[in-house]
Every structure is written in C-alpha cells, then in structure tokens.
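Positions annotated as transmembrane segment by TrEMBL: C:41-63, C:70-90, C:121-141, C:147-167, C:194-215, C:248-266, C:278-298, C:304-321, C:330-349.
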Amino acid sequence: EAHDDVSACLITKTDTNPFFVKMREGATAAAEELGIGLNSYAGQVDGDNETQVAAVETCIANGASGILITASDTAGIAPTIQRARDAGLLVIALDTPLDPADAADATFATDNYEAGRLIGAWAREQMGDEAENAVIATLNISLAQPTVGVLRNQGFMEGFGVDLGDPNRWGDEPDDRVVCDEVSAGNQEGGRTGMENCLAVNPNINLVYTINEPAAAGAYEALLAIGRENDVMIVSVDGGCPGVQNVADGVIGATSQQYPLDMARLGIEAIYEYATEGTVPEPSEGLDFFNTGVNLVTDDPVDGVPSISVEEGLERCWG
Amino acid sequence: MANQDNYESAVNASDKQAEFDYERKGIVHRIQHTLHMTPSLVPLVVLLGAIIVFAVILGGRFFSGPTLTLILQQVQIVGILAAAQSLVILTAGIDLSVGAIAVFSSVIMGQFTFRYGIPPAIAVALGLAVGTGIGAMSGWLVSKVKLPPFIVTLGMWQIVLAANYLYSRNETIRSQDIREQAPFLGFMGQRFEVGSAVVTFGVVTMVLIVVILAYCLRSTSWGRHVYAVGDDAEAAELAGVNRHGTLMSVYMLTGFICAIAGWVMIGRLGSVSPSASTGVVGNIQSITAVVIGGISLFGGRGSIWGVFFGALIVGTFELGLRMAGANAQWTLLLIGVLIIGAVAVDQWIRKVSL
Amino acid sequence: MANQDNYESAVNASDKQAEFDYERKGIVHRIQHTLHMTPSLVPLVVLLGAIIVFAVILGGRFFSGPTLTLILQQVQIVGILAAAQSLVILTAGIDLSVGAIAVFSSVIMGQFTFRYGIPPAIAVALGLAVGTGIGAMSGWLVSKVKLPPFIVTLGMWQIVLAANYLYSRNETIRSQDIREQAPFLGFMGQRFEVGSAVVTFGVVTMVLIVVILAYCLRSTSWGRHVYAVGDDAEAAELAGVNRHGTLMSVYMLTGFICAIAGWVMIGRLGSVSPSASTGVVGNIQSITAVVIGGISLFGGRGSIWGVFFGALIVGTFELGLRMAGANAQWTLLLIGVLIIGAVAVDQWIRKVSL
Amino acid sequence: MDQKGVAVMSTEPILSARNLVKRYGRVTAIDHCDFELMPGEILAVIGDNGAGKSSLIKAVSGAVIPDEGEVFLEGKRVRFNSPIEAREHGIETVYQTLAMSPALSIADNMFMGREIRMEGILGSVFRRLDKKKMEEIARQKLNDLGLMTIQNINQAVETLSGGQRQGVAVARAAAFGSKVIILDEPTAALGVKESRKVLELILDVRSRGIPIILISHNMPHVFELADRIHVHRLGKRLCVIDPKDYTMSDAVAFMTGAKEPEAVAA
Amino acid sequence: MDQKGVAVMSTEPILSARNLVKRYGRVTAIDHCDFELMPGEILAVIGDNGAGKSSLIKAVSGAVIPDEGEVFLEGKRVRFNSPIEAREHGIETVYQTLAMSPALSIADNMFMGREIRMEGILGSVFRRLDKKKMEEIARQKLNDLGLMTIQNINQAVETLSGGQRQGVAVARAAAFGSKVIILDEPTAALGVKESRKVLELILDVRSRGIPIILISHNMPHVFELADRIHVHRLGKRLCVIDPKDYTMSDAVAFMTGAKEPEAVAA
Ligand SMILES: Nc1ncnc2c1ncn2[C@@H]1O[C@H](COP(=O)(O)OP(=O)(O)OP(=O)(O)O)[C@@H](O)[C@H]1O
Ligand SMILES: Nc1ncnc2c1ncn2[C@@H]1O[C@H](COP(=O)(O)OP(=O)(O)OP(=O)(O)O)[C@@H](O)[C@H]1O
Ligand SMILES: [Mg+2]
Ligand SMILES: [Mg+2]
C-alpha cells in the first residue's frame, strides 16, 4: 500500500561521513517499505547550519509530513524548526538533541556523552594504576567545537577521571595528563596529521581519544610510522563496520557503537504514524529523548563497564 | 628622397564625422544589440530560463509567491556578501574574508549585547564598525604594503575566524533570548507579506545594497575610479586617480557590507552562532555568484546587477533541485554541471550578440 | 617648414653598443642583485628564517632530522598539488578541482583493485588516466568554449567530488587490506632512512615533480609558451603560440599530477577514503602555497621553486606553532598572521633588491 | 623569384581579398573592402586614424575572422582561423600592438613559437633550448636594426623603451617571414636612425623577392619605398595609386577626403 | 604671462632638474642628467630609442621617483611621490604608454580624476556624474584634433585604433594642463591630418603662455615648433641647441653620436 501524499525529509550534517550515509540508507529502506517518499539533504561541512535551514525551508515548501534532522547547530536551528512545526510538520531530532531538547517533537538519539564516558572508563580500567601517569592526546572534530564533539570529548574525560573545566568546551582541562588537542575533520588525513603534531609536541603519548574511527585509523598510521603502534591505546566512537573490524585487528582498543540505521528507521516509522494516525512518539523513561542505545565494543572487557564483544559488534554494525 | 612637397598642408579636409549605416536586420539583432550593450542582462536571461524550466518540472509548488520569495530569502546572505565581493573583485582583488567578517560581526553584535549588556542598537553599530575596521586593515595591507589581496584576505580570514571562535568561546546565543531580550538584533529577519510573497527586511536590505552600489559604480566618480583601478592600476594612477584612497574605500565598504550581512544573518537564523558555515563557505559562494554574474576576476569589467542575478541563479538551482528531490550528492553534481552550463550559455549569448 | 635638409643621412654613427658602468657597492648589493635575478630564492630566505626562529625557540626538538623530515611528509600532498596548481596559475587560470581530482583518483585506484580485482599497477595507471581525463575536460572547456577557469574548475570540483562519493559509496578501504592484498597501492608511503632523516617515496616524488617541472618551464619551448599564454594570451597567439595546445597540455598535466598526489595520499594515509579533507581544502592550500611562493595569480610570472618553498613555509609554521604549544585555534590565528608576514617580508626583500 | 629592386607587376596577386566586412557592434571597421598584393612589391596602405587599416591586415592575416568576404593566397581561397595558420603559410606580421609577452625576455619574444633547441641528445630527448644561441641571434638582429641602446638582452620586454620594443617586433618579422611580410606602422616609435635602418631592411627584404605590406603615416617614407599605394578611407579601399604619378599632397588629399580620385588608378 | 608666439628666455626656469639618476637593476636609464624648461617655451627633447627621454620626464612628473638628484618647480625644490601630486601642481603629462583604462569609455578616460558632476542637488548630494556633458566635451575635444573617425563616443578605449587612442590622451592633457604640459611622442601613431592638428594645438597652448615639453622623433616637426632642443644621449643631456643655429642633420648627428657638439649651446 503506497502513500503518495506522505513524504519525509532526512537532513544530516554532511553526507560524506559513513555514519550519515548509513542513516540515509536506513531511512531509504524504511521509506520504501512503508511506501512513502523521502528526500534527503545534507550540509556542506560539519557545522553548516545555513544549508540545513534552507533544507528545512525546502521541506516546508514541498509539503513534507515530517523531518528527521541531525542538527549541526543545535540552538541555531531551533527557530527554523519552530517554523516547520508551525506549518504542521513533525520534527524529530536524530542522533543529536536540539537545544532546548523540546524544540523538536521527539528525539531519537545516541547519548553521545555516555558514548564518550564508556570509552574513557574503559581506558582507565585498562591502564589501572598507570592511569595516573597517562599522557593523553585528543583528536576532535573541528575548530568550531560542535556539540556532539564536545559531548563525546567531555564524556571521555569524565569517564577517565579528568576534571572537565568548562563542560561546554574541550581543551580547557586543567589536568596535566591531557597534553594535546587537535582537530581531525573526522577523517584519516586529519587523524594522521593531528597525531603527528601531537607526537611532535609530546612523544610520550600513550592514550589517544578520537572523535570517530576514520580519525583513529589515521592516528594509527602515524604511530605505525614511528613504530609505536603497540604501546599507544586508541579509543573511539561510532561502531561502523570498518571501525569494529579495526577493534578486532587491534588498531583501536575499544569503540562505542551507535545505531544510526535504527534511528533512521524509527524516525521514518514515527513520521508515517504521525501522517496517517496523528500520533507523536514518546521519549524513553527518565530521559528527555528516545535513547537508541550505545554499546562499548571490545574483546577486553573490564569490570564495571558494560560492553559487547567484537563479534556481536560486527553483527550489529551499520553495514 | 623624391617628393619633398608640402603635403601636410593638404589636410584642410571637410571636417565631418565618419558615418556608416547602422542598419541591422530586425528584432533578433535588436535584442542582441541590447544584450551586448548591457551584458548584465545576460545572467538575467539565464535566470529566467532556469525559473521557467523548474516551473515546468515542478509546477505550482515551485512557481508560487512563497517559493519564489523563499529563493530570495535563501540567497540574501550570499547576495549581500557577493555585492561586497564584487567591489573588491572589480579592483582586481579578491576577498576571502567576507564570510568570516560577517560571522564575526554577528558574534560581536550578539556578545556585546548579552555579555556586556550594551543596548542592541549600539552593539549593532559596533559590529558594523568592527567589520569596517577589518576591511580597513586589509585595504591598508593591499594598498600601502602592496601585498597580493589573495594573501592578505586569506590571512585575515584565518585571523578573523580564529578570533571569532576564541572570543565567542564557541557559544551560541539562542533565539529565545534574542527574541525576548534584544529583538532589535533580529530586526532583519522580520517578515511582511506582499500578496502571497513573503519578504524580510534582510531581503529588502540586499536589494537596496545592490541598487545603491549599482548607482555609485555607474554614476559617480568613485565608481569610475574603482573600475579604472581594477582595469590597470598603474595607468589609473598616471591618469590621476588616487589609487590608495580608492582601494581603502573599497575594502572598508566591503567590510561594512559584510558586517551588514552579519546582522542579516542574525535575522535569518534567529540565533548568533560563531560556527555558522558562512564563515567557511561564504567566500567561495560569493565569488561564484560574482563570476557567474559576469564580473572578470581580473578586475575592471562587469556589473553588480549581473552579480545579483548570479546569486539568484545559484539559489534557484539549489532550491529547484532540492524540491525535485535530488539527493545531496546528486544536487552537488548537478549544480556543478549547471554552473558550467549557465556560464556557457551566458558566453554564447554574448558571442552571437556581437 | 624650415630646414628641409636630408637629415636622415646623418645617421651613419659609430655603431657601438651603449655601455654604462655596472659597478655597485659590495656584497650587500651582490646579494640583492642575486635575489632580484632569481626571485624564487626569496621564499627560500623566508623559509630558512622561519626554521631558524623555531630552532632557536624550540631547540633540538624542532631542529632534528625526524622533525624536519616530518614537515616534508606533512606537506607532500599539498606540495604536489601546488606544483600542479602552479602550472594552471601560470597560464592565468586557477584550478579549484586539484584536491577533488586527487581524492577521486585515489578512490579509483583503490576500488578498481578491490571491487573489480584489477592488478594494483594497472589500477594505478587507470587512476592516473582518469585524473588526466578530468584535466582534459577542464582544459577543453577553458580553451575551446572559452569559459573562465574559475567557473570550469569550480564546476568540476563539485562534479568530481560528488562522483567520488557516489562511486565509492562512501566506503573506506582499510589499510590492513591494502597492506595484505595490494601493497603496491601503498608504495608511495614506503620509507627509508638517510641518517636520522626519514624519507618516503612520496616525498621523493614531490621533489622530482618540482625538479622536472622547473626544468620544463625554464628550458623547453613548452615552458616558454606556458608563460607567454599566461602573460598575454592574445599577444602570444598573435606571436604564433598554439594557445589551445598549450592550455590543453597544462590542464591535462595538472590532472595527471593531481592523480599522482592521489597515489601519494594512499601511501600517506594507508587507507583509501573518499572523505579525505584534501578534496575540500586541497584547493585553497595549494593556491596559498603558490601565492606565497611568488607566482602571480594574473599569470605569467613566478617560478615553481618558489611554490615548493611556499608549501614548506606553511608546513613549518604549522608544525612549529603546534610544537611551541599554541592550541589549534591560536595556531589558526597565528598562521594567518604569519602568512601575511611571510609575504610582506618577501615583498620587502624584493623591493630593496631593486 | 630573384628580381631585385623594382616591383614586378605579374597579373596574379600573391595575396588578395574580396569584399571584406568586419563589424564590431555598431562600429563598421571594414566596409566591403577589396585588397591586392602583387608578388615582389612593396604595397603601402595609408589612411586616416581609424580608417580600418589595421583591421584590414588583421583580417587577411588570420588575427580577426571577417564577417563577410574572401581571402586568397596565390589564387587559392584560404580561411585562416588563427595567426598561426597564416604563419604556417609564410605570412609574417608585425601588429600595431606588437604582440609581445611583456614579462618575457627579448630573446624569448623573438623566438616565440620557433625556439631553437640544443644540438644532440639534450635537444632531441630533453628538448632543451639553446638559450645562448637565441640570445646571440637576437642581439645580432637588434644590432642590424641599429638598436644599440639595449643594455641587457635578458631584460623583460615590458622594461624596454617604446622604440626598443617596436624594434624587437620588427626584427622578429624580418627574420622569419617567407612569403609575405606585413608591417603595421613599424617605425611609429622609432628614432631617426632606427627608422632609417628599418627602411633599409624593408628594401633588403624586397630584394629577396618577398612582397611587403607597409602601413605608415609617414608620407616621405611611403613615397620613397612603395611600388603602389593603397589609399584607405572609411573602411573601404578608395583607390590604388602609383607614387610616381601623384604627389604626397594628392595622397593626403585623397585619404582625408579633400579631393576625390578621378578613377581607380594603377 | 601673455607672450605670444616666440619663446621668452627669462633667467629662471619654470621646471628644472639637477643631477638626476635612475637605475633599474643593471640598466641605467638616467645617468646624472640635468634639465631645464623656461617659461613660455616649447622645449623639444630628442634622442635615440632608449636614450632615457621617457624616463627623464617620468622622473620630473612624479611617475617615477629618481634614485638621486633634485627637481625644482618655479625655483622651489619639489618631491612628487605620485603623478597626482604633479598634476595638483599643474603639470599635465601624456605618457608614451598613454595611461588609459582600456575597458572604460573615451569620456570616462578623458575625465578620469576630474569628473564633472551634475548641477544642483543631484550633483552635490547624490554626486551624480553629468555623463552627457562629459561626452559632449569629449566629442568636441576630439573634433578639435580632427579625430572624426570615432564613430561611437561610448566605445571602450581598447577598441580604438592606435591613433585614436593617442588622440584621446593628447586631448586630455591639452584640456587640463595649467602650468606645464609634457607630451611624450604625441604624434607617433597619428595620421597626417591628426598630427598637423596636434602641432597647431601645441602652438595654441604656448600662445596661452603655457610651456611645453615635446618628445619626438620627427625632426621636421621638432625644428618647426621648438624654441630650444634638448639633445639626450645615453641617459645624459648632451647639449641644448637653438634650432635656428643648427640644421636637422647636425641634431641627428649629435644624438646618434656621429658628431660631438663643440660646447654646450643655448
Ligand atoms: N575590437 C573592436 N571593437 C570595436 N571597435 C573596434 C575594434 N577594433 C577596431 N575598432 C574600430 O574600428 C575602426 C578601425 O580601426 P583600425 O584599428 O583598423 O584603424 P586604423 O586604420 O588602423 O587606424 P590607426 O592609423 O589609428 O592605427 C576604428 O573606428 C576603431 O574604433
Ligand atoms: N622599468 C624598467 N626596468 C628596466 N629597464 C628600464 C625600465 N624602464 C626603462 N628601462 C630602460 O631604460 C632605458 C631608457 O628607457 P626610456 O623609455 O627612457 O627611453 P626613451 O628615450 O624614452 O626611448 P624611446 O624613444 O624608444 O621611447 C632603456 O634602455 C630601457 O630599456
Ligand atoms: Mg592601426
Ligand atoms: Mg620613450
């Protein structure tokens, strides 16, 4: 049964990051299944609010029933979202809650702070007493410090037991163990250059936080080049298939896995129900958003930090 | 030497002006001639063509007051930046810092209001002043120190962008706060309706800027000097143009207009965010509009109306393709094809019109 | 007329060449003269200055084989792209697609090997061919259709980038797979040590490209034609230069060199990823190196050695500042200042050397 | 072709054009103009400023593509789409704008498009230019023109004086023309001595049997050298006169419109 | 200052220079050169190509800053840092390169830097240019020079013929010069009629009491007009001669070095 009059929009931060590619695939599959239309849009760079605003306006002009959005600027997009809701569209924030969270009708998200906290805690337990002497480098997303990047970084810091400083910023931790903050653009190239720079600043780095797995892979190349790939621990976030494979291969110590396909599928279904029955989805218990879950993936589980095995991670990865 | 006669005295000719017959063949030639005389009409023709094509494909959904005015709203920031960019490019320069100045000015306006409690109107004025000041610095480096504009504004871009992140501490000022405490900051976003069309003050500002600049460039000495400096700076100076003064005024005005774009940005986005992508992609977008609009990157040739239409062409393509449901990558690809196509058509019209 | 004498016959002068005394004052003038004759040395002076300053500030940590060669490794991709970019800019063009071509070529090399099982050497050759082909398209549009290079390569940039994402399906080929199944793809990343310095084949390739291009531009007709076309295309054509042929060869060679950069990229990153930031920022980085290196954006003036040093200057600043402890945002700001400063120093040296 | 000195009026023109038209927007630069150059002759083209002389020779040398009309070389219809094609047919032109690359050196400009390569493997494989040889020849050609004030043969052309620049352009054409040489005001910026040398050069070229088209505003020079004079007025050929039959005053009167030629002469 | 026709040799030069030097890299363009212009006179400067004539007048008109030496205007030491400053002192120059903005129209170029504004509020508040008036004046000035072949006064200067372009530049200088007018080869590209008009214009300007520096390679013109002739050779002033005391042959012999002047004359 097709619903030609029902259509949804998917707006992602970029469409080059594999994470958002998977999200789009999930949405497309769900839309086909339900027989509704789907238009997907994306910003040009991470943090591109203007293009997302234009995309929302296009969805309104196109008469879409609902919008799934991973906002680049969670506060900045709010007034535009309000216009969409005023025009009768259902707006669901995916992956990233808006600021304020109730700016959207619903939020299906990973708890990015939790994702960061998990890898931080895991790393601390792995290092044991040596954690006091850790030399930490962080490879973040971009200079603009977008919210998701801040949440992951600061979650990691809390998990590892580092004093956060301003929790809305990275790079201001008063702890001597954090010796380097670089930006990586979330890809291999930035990861490698960032790691090289950090090693030039302090060659004794032994723990690396990375914003995502491509950056982790780049960092690994830099370590490989100076023969230190075995004495530095890399942790990351995302849980894409190549990333989990890298956990299996020992490139990455542990990664927090998210479920973009689920987010997108749930989002499309919610829009479908809203368009056909008028129901609005409810948030998870105790949270102001619908948590799609996050799991630590590692084959070296530690006490007190729940995790799943690499095997399970590979099964549930986005591919 | 043979004939040493006083041949030069033979010149007392009938001093009448040369006249040829100007007759050409009918309406096609008339149109071609018009296009040739006012080349800025050519992008307009391309723009109208694009609108017609999308109207045919998408029907009333596209060809409606709200949608067509939506294009205006979506291009207002790029349109204003492109107007500023045109000035610099007309002097054979280039300004890579336009987007960064706009974002930084908007941050200044917002932070001055909220961090220091300065009245919004004064904060806006200060933001405009900062934009002008940044332009003045670039202008001075270009004109006095004689550095290439590309380098100066590349450096400025990085400096302003970094200052913007550092000063704002990456904080966004939320739209609720602006609406409640300093609605003047969002003034440019106020909308009113004309029939089914929705117009904001930002759009009006963009059109005003284009009209005023078009007038100044065409009909004042300053405008003529801008063209002369861009055409051949050395010749202009020998002919008595104040090269330094002209360049300074151009870069300062550019900074000022960019700061206005920053104010318009607050209106359009509702909030003040230091990470607005205009800071990063604003340059290339504005330069694209300028070049599609027919201004030569080598300076001295072209009109600002063409630039306005150039910005609208890109806006129309983007909205049209999005509405037609092309996904982001295909949109990117098609926009690439269309930009080349638009300029090729433009070139073709100009050629046959010769 | 008074004196109608046969004055023209009075010219049987002593036909000896004009001679003035060339004497100048000592060593300073000698150096200035040298710098004036080979302006590409000026960026080298700036580069050495930067290295000395950082060496003084940071000591042996910076001024060591591994660190200095790390700079070479970090600039190898930008260096190769800048060499390619120089060619186009020398013809008074600009190529915004260099980064995109590099990324797309690397994706082709990787996907051809892994998706279709083509032997890596052939896949690399095909990747180089695709790069050359893209360059040929741009060249044709610039030369035959006479579109502005900025527009053509802006369009190509978007088209190639989009094709890159669509074709690769955003899939990364992991370095483990490359190392195990197709080490040839990563050939450019292989390293060998010379004393304490670490050199990769990619770095060697960059230097080779610069050397060969420098030779061709200086000492072959083709090189002279490239300069002539960039200097004044119309005059060059009137003087008998094959404008079309020269432009085609330049754009194709540029595409080819960009594809080599793609191969080098695989070596440096280990993996093949369509979302490498070179695709987006490679243009501006390469243009920056070109302009710092002293090539005029208006074409026809400058040398490729300067560009090489220009790329190294940026690399040195970036690494040096990070090592000195500037955080990423401050680094951005300081790099902006330093780029302007470097070119100002360059300009100053050139001026006193006159 | 080894006739010396005087022109030989064969029946067949070596280069000719019929009914050429070139319009620029509202401006009509060439207005149904005919043109003929006979083998071995020096044909002067005279006319007011803006009469269309430069446009005419641009149209016959491939630098501009005429809107209407036909060009014939040795009786065969030719369509030059670029100056290179004309050059390949042996037509060498000094344009009024000189067509130099300002940033390049004198030698580079002189040999643009026909550079000399080194001998041996360096030249054939590495395609290395023989800069020294080119510089020597360039210096030689300039000395032949009496341009002794050029101090540095590696100077960029943009730093030359107006006359020096023109000298370089003339030397280039004289050195390489094989079938027809076209000179558009070759002595405008030249000094007395240098002009004299150019006139000698023109006679020398003709003595090698190569016909020359000479555009000039200098009547004494024109009447001294030319075998026939093509008078151009308002985009058209007004008449062709023999310098032996008319005075300079007549010629000036024709070209400025003060007098009408009785019939098309010569 | 209302003397007509003949030059008046007052003791005090209106514009003079002492010991000027200008080097470009290895090239010495002006080599310890002196220079004097008397009130109300026409001073011709002659010399070989590349002798340094253009460099000299550039140095006295602010277009180039000399390495050494001093310039005096009406006895007072002046240092022009740009041509604008020289213009503000009433020195108007036609450079050999013409100094035109190729893409702008004839009228725009003619009034560059001293545009005429509309009368009334449109001009004073909106600073609107009076294009019509400027076009009319431009057309008038060109007609005065006999440049009747310009078909469209709104043509871009780059589309003009070589001579038309030069005519525009000369018309500009003649219209605006108030103290000294410098003309660097003003008739090089001009036709017979147009050259004649320029010579008349020069005489007319002198009759208004304004002195003129005329650089030219055309000896008959120089000897016809000049009150004194400055002979330039190898970057230096060789001598100053009175055209009534010497023949053209003498002058040419001096400037080419075939003959040495006995003593510094005039
Ligand atoms: N590209 C162009 N666009 C418009 N008009 C042009 C162009 N080129 C030439 N013209 C016009 O064509 C006419 C003829 O110009 P041309 O250069 O052929 O004259 P000419 O006889 O060589 O004059 P001169 O003796 O001054 O060199 C002039 O009126 C000129 O303004
Ligand atoms: N910018 C420059 N750089 C280097 N050399 C220069 C420069 N300008 C002029 N020259 C040199 O200075 C000398 C004098 O040039 P100038 O133009 O003054 O000669 P001129 O007497 O005006 O000659 P002409 O009669 O040909 O116009 C020439 O040898 C010229 O090559
Ligand atoms: Mg001409
Ligand atoms: Mg001169």
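Positions of Cβ are set from backbone N, Cα and C atoms, glycine also.
Keep in mind the model is a prediction, meaning the values are calculated, not measured.
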Interface-richest range of C:41-63, C:70-90, C:121-141, C:278-298, C:304-321 toward the transmembrane segment (C:194-215), CB pairs under 8 Å: C:70-90
Interface check, the transmembrane segment (C:278-298) with the transmembrane segment (C:121-141), three or more C-beta pairs under 8 A: no
Stretch with greatest number of CB pairs under 8 Å, the transmembrane segment (C:304-321) reference, C:41-63, C:70-90, C:121-141, C:147-167, C:248-266 candidates: C:70-90
Range from C:41-63, C:121-141, C:248-266, C:330-349 with the greatest count of C-beta pairs under 8 A to the transmembrane segment (C:70-90): C:248-266
Contact set, same chain, for the transmembrane segment (C:41-63): CB under 8 Å, 6 or more residues outside the stretch: 34-35, 292-294, 305-306, 309-310, 312-313, 316-317, 319-320, 323-324, 338, 342, 345-346, 349-350
Long-range environment of the transmembrane segment (C:121-141) - Cβ separation under 8 angstroms, sequence gap at least 6: 95, 97, 101-102, 104-106, 108-110, 112-113, 147, 149, 152-153, 156, 160, 182, 184-185, 247-260, 262-263
